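According to TrEMBL, the features are:
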TRANSMEM  16-37  transmembrane segment
BINDING   94, 95, 96, 126, 169, 174, 199, 200, 201, 314, 315, 316  UDP-alpha-D-glucuronate binding site
BINDING   201  Mn(2+) binding site
SITE      232  site 'Interaction with galactose moiety of substrate glycoprotein'
ACT_SITE  287  active site, proton donor/acceptor
SITE      324  site 'Interaction with galactose moiety of substrate glycoprotein'
Ligand code: UGA
Ligand code: MN
């Protein structure tokens, strides 16, 4: 009997051994031991953490494909985004704490800057110290960045009752950015690059950065939705130079344009010692007072098809309605408890 049982067992094994081998192999793979012994590939089931990392890598790969297609769409040659020798665009952004800050930094700036090669974002918080939110945001942004802070003294801060134009905004923060550049290039007589001042509530198009890339001195272009008109823009004469300004508000400013309407060559800015923004410039003359220290009108380089295309909009964001939040706060509830927005 015993030998019959053994015989049947042997036959069964002969019939099923392939399946058994596969089963044993799968078990070994699952528990990781097999490849641990061979020492080459660890197939331990991925931890939650590495599974998330893998998901992120796949998502980033998808994003790269998307970005490449966007660059192609704008006819930006591959050389432009793969060439490490491109002049870097240093974008200086003043920013301050408010409920929609992260939304602005995300949608209006980060999402666009990710499409721009060789961009270094200098974010300057108007605050006595750097905030955790902005630190985390920049760390995970995937952008080359520098995080600074510079608070505006109380006497230069807008009061709630003040109209917006009463005090200049972002001035000391832009200067902190310029100073950082001065110290970074202190030993470089002729650094290559471009400086652009990008407020955190404007709308920027990818092409804008393509236009400003080869700024020899100061380049200029139209800005939409500013100064009470649809477009404020430099007018270009037949000799290709800026002849005058089309603006509604204070059209007689020496440089009648918004902060978003020009970029400066890095060497030009750094080689003129001490050029900065003035907190006490007459209202509306912030840009003019700064540019007069650097350039004359004839030397400006008109971009965006001789200033006939709009690539930047001076948008503003509506204040969020937080009436219910305020009501809840009064009874000790905070909808943002334990969550960052
Ligand atoms: C207009 C111009 O577009 C600005 O470039 C210029 O600085 C400003 O006027 C001015 O007159 O000073 P506007 O839209 O009125 O801009 O100003 P905001 O967008 O409110 O502020 C400009 C920048 O300064 C923004 O990036 C903002 O985040 C920052 N800011 C604003 C601060 O850093 N601190 C503040 O208390 C307020
Ligand atoms: Mn603004």
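Yeah, the Cβs are placed from backbone N, Cα and C, and that goes for glycine too.
Everything TrEMBL records as a feature, shown here on the structure.
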{"residue": "94", "record": "UDP-alpha-D-glucuronate binding site", "DSSP class": "strand"}
{"residue": "169", "record": "UDP-alpha-D-glucuronate binding site", "DSSP class": "coil"}
{"residue": "199", "record": "UDP-alpha-D-glucuronate binding site", "DSSP class": "coil"}
{"residue": "232", "record": "site 'Interaction with galactose moiety of substrate glycoprotein'", "DSSP class": "strand"}
{"residue": "287", "record": "active site, proton donor/acceptor", "DSSP class": "helix"}
{"residue": "315", "record": "UDP-alpha-D-glucuronate binding site", "DSSP class": "coil"}
{"residue": "324", "record": "site 'Interaction with galactose moiety of substrate glycoprotein'", "DSSP class": "helix"}
Where the C-beta lies under 6 angstroms from ligand 2, the matching recorded positions among 94, 96, 169, 232, 315: none
Among 94, 199, 201, 287, 324, the most crowded of the recorded positions [Cβ within 10 Å]: 94
Recorded positions close to ligand 1 - of 96, 232, 287, 315, 324, only those whose C-beta is under 6 Å away: 96
Among 96, 169, 232, 315, which are recorded positions, the residue with the most C-beta atoms within 10 angstroms of its C-beta: 232
Residue 96 (UDP-alpha-D-glucuronate binding site) to residue 287 (active site, proton donor/acceptor) - Cα separation in whole Å: 21
Distance in Å spanning the most remote Cα pair of 94, 95, 96, 126, 169, 174, 199, 200, 201, 314, 315, 316, given for UDP-alpha-D-glucuronate: 20
Spatially closest candidate among 169, 201, 287, the listed recorded positions, to residue 324 (site 'Interaction with galactose moiety of substrate glycoprotein') (Cα to Cα): 201
Rounded distance in angstrom between the Cα atoms of residue 169 (UDP-alpha-D-glucuronate binding site) and residue 232 (site 'Interaction with galactose moiety of substrate glycoprotein'): 20
Integer Å distance between the CA atoms belonging to residue 232 (site 'Interaction with galactose moiety of substrate glycoprotein') and residue 315 (UDP-alpha-D-glucuronate binding site): 13
Integer Å distance between the CA atoms belonging to the residue listed as 'active site, proton donor/acceptor' and residue 232 (site 'Interaction with galactose moiety of substrate glycoprotein'): 14
Spatial separation of the residue listed as 'active site, proton donor/acceptor' from residue 94 (UDP-alpha-D-glucuronate binding site) - C-alpha basis, Å: 15
Residue pair the residue listed as 'active site, proton donor/acceptor', residue 201 (UDP-alpha-D-glucuronate binding site) - Cα distance, angstrom, rounded: 18
